[in-house]
Amino acid sequence: MAATRLLLLMAAALVLLVARGSDAQLSAGFYSASCPSVHGVVRQVMSQAVMNNSRSGAAILRLFFHDCFVNGCDASLLLDDTPTTPGEKGAGANAGGSTFGFDLIDDIKTQVEAACPATVSCADILALAARDSVNLLGGPSWAVPLGRRDATSPNATGAATDLPGPDSSLDRLVAAFAAKGLTSRDLAALSGAHTVGMARCLSFRTRVYCDDNVSPAFASQGRQLCPASGGDATAAPLDASTPAEFDNGYYRNLVAGAGLLHSDQELFNNGPLDSLVRLYSANGAAFSSDFAASMVRLGNVSPLTGSAGEIRIDCRKVNS
Ligand code: HEM
Ligand SMILES: *[C@@H]1O[C@H](CO)[C@@H](O)[C@H](O)[C@H]1NC(C)=O
Ligand SMILES: *[C@@H]1O[C@H](CO)[C@@H](O)[C@H](O)[C@H]1NC(C)=O
């Protein structure tokens, strides 16, 4: 009797493992026979885009995060609104952002389709482009597990609830990451993406007017740029010291009380992540290797694989 129960339990555990291990189906060599040129095509387009405007790299990196946090890394974010279905682009965290990230994905997709028709998913293109963005801006590189497929519908509700906002507390941030199977160490490392790119006044107003854990000089600079009301769209670099360089400047800012977003400074506010922030601020190599590992983990959040979903031809709409 006990033995049967044990067997049943083991069988159940196995089923659970197999089900949860769907990300194990992703592999770096997924396109090595069907589209070996995809790596070069993505790199080439990203390289030109980043040379023209470093912000492109930041925009793509952010899109990858926002895609993966809503129904997993399935390119659901890239779907445009339709008359019947609102997409994810209108959700608070996505609205008002730069649209050139979406245009850039379209450029890459067009070239990839020319080389390998109906073969490479938009979700994989985004994962490769995010990796290349980081590396082109001076950050680490890593092998990107591939084989994701594209969603056939967006989740506007998920986009409104699952992406934490800039006024989030540490508890809220940790919970949002835990809900995607990511740890607080992943949170600490992935937040280092804010070493590049910009945020609008709208996003950092609370920080420079209301927080007390802020460097006075930094807050006063921020207030000059960002009026107490109005001017919502005025942008400031997330890492003012080296805005276009993927380095550990973000963590040095946090230690100095100069995180731009309230949520940034929550990582270093006499809490459990202080020691990691100190480590990353002092040791760029430790940050780089943790960041790369956490990007792979982010990319493993609930991908569609096998025959689920589809390979979208146009990243903005489902195949007809
Ligand atoms: C931990 C929770 C996070 C919060 C609350 C957050 C919030 C924000 C906000 C409010 C902005 C500025 C948006 C604007 O005002 O236009 C921003 C920008 C950005 N975020 Fe995050 N973020 C988080 C995590 C991440 C992660 C994990 C990544 C990537 C791995 C990322 C990548 C970026 C990048 C690159 C930008 C700059 C985009 C640009 O210049 O266009 N963020 N984030
Ligand atoms: C270069 O960047 C500008 C914005 O700075 C953008 O308007 C333009 O489309 C970009 N050109 C190319 C070829 O990417
Ligand atoms: C949309 O996202 C929410 C929040 O994660 C989730 O509860 C819901 O099941 C998702 N809906 C669909 C249709 O996937």
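Just so you know, glycine gets a Cβ as well, placed from its N, Cα and C.
Summarising the annotation, TrEMBL assigns active site, proton acceptor to H66. When other Cβ atoms within 10 Å of the Cβ of H66 (active site, proton acceptor) are tallied across all protein chains shown, the result is 22.
D74 (Ca(2+) 1 binding site): 30 other CB atoms within 10 A of its CB, across all protein chains. DSSP assigns D74 (Ca(2+) 1 binding site) to coil in the three-state reduction, outside any helix or strand. For D67, V70, G72, D74, S76, E88, the entry in TrEMBL reads Ca(2+) 1 binding site.
Less than 8 angstroms from the CB of P164 (substrate binding site) sit R172, L173, A176, S263, each of them six or more residues away in the same chain. Marked as substrate binding site by TrEMBL: P164.
H194 (heme b binding site) counts 26 other C-beta atoms within 10 Å of its own C-beta, drawing on all protein chains shown. Under the heading heme b binding site, TrEMBL lists H194.
Positions annotated as Ca(2+) 2 binding site by TrEMBL: T195, D239, T242, D247. When other Cβ atoms within 10 Å of the Cβ of D247 (Ca(2+) 2 binding site) are tallied across all protein chains shown, the result is 19.
C35 (disulfide bond) carries neither a helix nor a strand DSSP state and counts as coil. According to TrEMBL, the feature disulfide bond maps to C35-C116 (among others).
There are 29 other CB atoms within 10 A of the CB of C73 (disulfide bond), with all protein chains counted. According to TrEMBL, the feature disulfide bond maps to C68-C73 (among others).
Look at C315 (disulfide bond): DSSP puts it in coil. TrEMBL lists C122-C315 (among others) with the feature disulfide bond.
According to DSSP, C226 (disulfide bond) is assigned to coil rather than to any helix or strand. Non-local neighbourhood of C226 (disulfide bond): C201, F204, R205, V208, T234, A236, each in the same chain, at least six residues away, with C-beta under 8 Å from its C-beta. Sequence annotations record features per position, and here TrEMBL assigns disulfide bond to C201-C226 (among others).
The domain 'Plant heme peroxidase family profile' annotation in TrEMBL covers 25-319.
The signal peptide annotation in TrEMBL covers 1-24.
Within 10 Å of the C-beta atom of R62 (site 'Transition state stabilizer') sit 21 other C-beta atoms, taking all shown protein chains into account. Look at TrEMBL and you will find R62 tagged as site 'Transition state stabilizer'.
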Cβ-Cβ distance under 8 Å to C35 (disulfide bond), same chain, at least six residues away: V112, A115, C116, T119, V120
Among C68, C116, C122, C201, C315 [disulfide-bonded residues], residue with fewest other Cβ within 10 Å: C116
Where the C-beta lies under 6 angstroms from ligand 1, the matching recorded positions among R62, C68, D74, E88, C122, T195: R62
C73 (disulfide bond): nearby recorded positions from R62, E88, T195, D239, Cα cut-off 10 Å: none
Residue from H66, D67, G72, S76 whose C-alpha is spatially nearest that of T195 (Ca(2+) 2 binding site), among the recorded positions: H66
By Cα-Cα distance, the member of recorded positions R62, C122, H194, C315 nearest V70 (Ca(2+) 1 binding site): R62
H66, D74, S76, E88, D239, T242 screened against C122 (disulfide bond), Cα within 10 Å - retained recorded positions: D74, S76
